[in-house]
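According to TrEMBL, the protein has these features:
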- 1-28: signal peptide (SIGNAL)
- 213-458: domain 'GOST seven transmembrane' (DOMAIN)
- 217-234: transmembrane segment (TRANSMEM)
- 246-266: transmembrane segment (TRANSMEM)
- 294-314: transmembrane segment (TRANSMEM)
- 351-371: transmembrane segment (TRANSMEM)
- 392-411: transmembrane segment (TRANSMEM)
- 431-453: transmembrane segment (TRANSMEM)
- 485-517: region 'Disordered' (REGION)
Amino acid sequence: MFRLLLRSMSSLFLFSALFSIAGLLVEGSVHEYKGEKFVGRGNALVVHGGSEGIYFSRPSSNLTDMAANGDAFIRFEKVTFRRPEDLHNFTSGLVQAIIFEVEDRELIGGSAYGGQRAICCTPDLAKLDACTQGEIIHRPSTTNPGFPYVLTTSFSLDKDMAILPSRSIEITKTGMYNLYFMICDPNLKDVVVEEGKTIWKNPTGYLPGRMAPLMNFYAFMSISFVILGIFWFSQYARFWKEVFPLQNCITLVITLGMFEMALWYFDYAEFNETGVRPTGTTVWAVTFGTVKRTVARLVILIVSMGYGVVRPTLGGLTSKVLMLGGTFFLTSEVLELVENVGAVSDISGKAILFLVLPVALLDAFFILWVFKSLSATLNKLQARRMMVKLDIYRKFTNALAVAVVVSVGWICYELYFKSRDVYNEHWQNAWVIPAFWQFLSFSLLCVICALWAPSQNSMRYSYSDDTNEEFDKDESSLRLIKPASYPTKDGLHAPESRPVTNSNGATDGDTGEEKTA
């Protein structure tokens, strides 16, 4: 059953990792543009300016100070377009920026007589008075007044620069908003977004809407780790003489977890305050998190192997375990840095796949090795009749099995969620997916802490060279037994010596005496 479950989880984990590539886009409330080139989409030239979930704010009477009033808005600041020098001698068509909520996406573009859908107004549509030729086709929203919102600029004669007017657009309806820069004039195919930025703000700060709940979540997890740390460190201080190496490893994982959660909270708090993600804090949070996940996996693996419980060292497996841990750390660190610090959209899909696949494969390998080692350790404990240790390992195995089943179920839900949310319409619930994995790993850590918490009897669970450990006598179940002869090499008692009688009823001993007489 375990093997079937593991194979299923490994396959699902790989599919989940591949499917989550689309969700690796780095979000930031300040979107800067430096030399972005337009690409063809239908009959338009397009640059994606950003997508973020924004919560609504009440209409503000002071449009010049919306940030101070805690309003939600999108602000354009010096967004500049540049065209090639050989196109200076004539005026050009329009360069437009369009903002729309994802539910209104069908309001962008149109077609004449049911033909191919176009983004820019075509001559046929212009004849029907459906739009103005050379401009983006859009219709007003019935649920979000004032949207889609369009800003327009154009290149003047002998000018190679065109600047969008600086403006703040207030958001009065909660939704996932998209910004695109579009050109309908094919002569401007070589235009680039030279410089500028847009600032996206929620009522509570600059954190993107889908990330905002994570700040409170990391605050909650920080408090949870502090509570767990108080329990663990108090037990550690009381029974420090009884502590064995495995408990030192658990102490390290708890400490790393406390630092990771605190750093993530401060990272999100500063991001929310300034609108720019603090690179230094983010790198430290990523690094502490990667180290914690690596150490946690290694701890689970060496516990499954029986380190410190049925074997004093890992022997020849030490180098393999360290190599696996080091490889996992490097691949995870690169992936997390690219996801949280770098701009994933700047690299190709194949490069992203190159980063995701190794982490997925190593995780699957960890799972397989853990349960294979657990099976061998349980058999060894049962064969040696170490009942106390066998009981604690059975509880540990059950906890891991539950974690595996829950993980499989959650991966299936994650695949379903992302397959149904192509346009990020359910962005308000997206934070639950990364939060769940943090909560699951914390729950498993709590189980491990409960099973191997320092106590006055801690040494009962550690490895001992005493040969009597083979029977692992439980102090609560001691009973008087009849003394027996020492066990033989095979562990069985030698049979008692009995005289053998002959056919006449005399013993062999008597017969021998008669013969010697």
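Even glycines carry a Cβ here, placed using N, Cα and C.
The stretch with the most CB contacts under 8 Å to the transmembrane segment (431-453), chosen from 217-234, 246-266, 294-314, 351-371, is 217-234. Residues 214-215, 218-219, 221-222, 224-226, 228-229, 232-233, 236, 281, 284-285, 288-289, 291-292, 295-296, 298-299, 302-303, 307-309, 442, 445, 448-449, 452, 454, 458, 462 of the same chain lie 6+ residues outside the transmembrane segment (246-266) yet bring a C-beta within less than 8 angstroms of a C-beta in it. Tertiary neighbourhood of the transmembrane segment (217-234): same-chain residues 250-251, 254-255, 257-258, 261-262, 264-265, 268, 431, 435, 438-439, 442, 445-446, 449, 453-454, selected by CB-CB distance under 8 Å and a gap of 6+ residues from either end.
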